[in-house]
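Contents: one structure, followed by commentary.
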């Protein structure tokens, strides 16, 4: 067997060495490959090589099955089925998935150690597949003292192994059964080579020791092989847990039925034992092949289940993403609707505000127009009053003038009549009456002037009264406009100040009449004296 031949492959949990930058010592699954010279481990099958352990110079003493210093105490990913390999270069701690897988790895490691050391590969207590073979080997060991020193030496070499491994394997043998291993790794077909070599070496040794090759022995071996094949076929149909019990009972019966071998029957007993070992090995190989097929089928089913689970997970993730997308879409639509509602409310408020402003503006414009109309009417009435007053004053002046003229004429007539009378009565009294006539006319002209002045004063007083009334009316209108503006400002909720309606101050036209210059009265004629 070369160093590159593979003895065992499978997935084991490996404990970290703590040599990295973070110093982690956690358990990680690794894909292990066991050859005769080294133990390599990868990230996964056909993955990156993470490390290897050289098996040169190792023996059974470097193995620790379920070491006391590395028991499972927490919730790590590994199991309790742990094995420590104390190689010269370093210590490697691994954990198997099941007890059967751990025992199988221990068997293959011991086989690799023996192949490296050049020791003969023997059937050990950790490798029997049935209770009958274990009992038969126990019978051989009990019979060895009768066969001499050579047999005793071979028996002592056969049991010379690590006591801890032997004790644990003997403890695990009753619980092991064919077809009960559920390992994550698979045995390669290269493992059949050492087992068949063991069978061939055992058969060759027995033939050399007996030195006989008769036809009867060959026929006996063929019959034993046929019986072994028939038992194998029957064993495949029998349940596993019943097969162990039947084999155990058969082994006990064989041990009790076998007579103690004598010196003459030793060769026959050895041939029979070799045939039984050959048949047991064939059964073991067939069962291993069946187990490998079952494991491959289980792995295929596990891969299919894993693929289905991955597809289901992917489908669930897609559904979850779709639900999240729908939820986000609904939230976006709701937020957009809320934003639209807010915008609509703002627009409605702006429209209402503009409507209020427009109504206030229209009201102010109407008020301004009304004030202008009232002011125009007041101005028109004031002008009409002034015109009426001026017309009345002119007519009155005309009347007064006509009255004064008539009075003056009457006075002149009276004066002339008096003069005539005087002239008729007194001949030269014309010179004396002339001053008297002039003196009498003076009081009448002063009376007319007083009347005119009084009428002018009355007209001026009336104009002054009307002007004051108009000014008071304008002040009242301005006060009313200011009050309305203040009420509009209080009612309006807008920050912008409303438009102020400016009312132009009313211009009051004051008509000033040019004062009438008094015409100097004509020089009065000297009054005539009536004194005699």
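The backbone N, Cα and C atoms fix where each Cβ goes, glycine too.
Whatever TrEMBL says is automated annotation, not expert-curated.
When the ranges 124-161, 466-503 are checked against TrEMBL, the one recorded as region 'Disordered' is 124-161. Counting residues of the compositional bias 'Low complexity' (331-340) by DSSP class, helix then strand then coil, yields 10 helix, 0 strand, 0 coil.
Sequence-distant contacts of the compositional bias 'Low complexity' (331-340) (same chain, at least 6 residues past either end, Cβ-Cβ under 8 Å): none.
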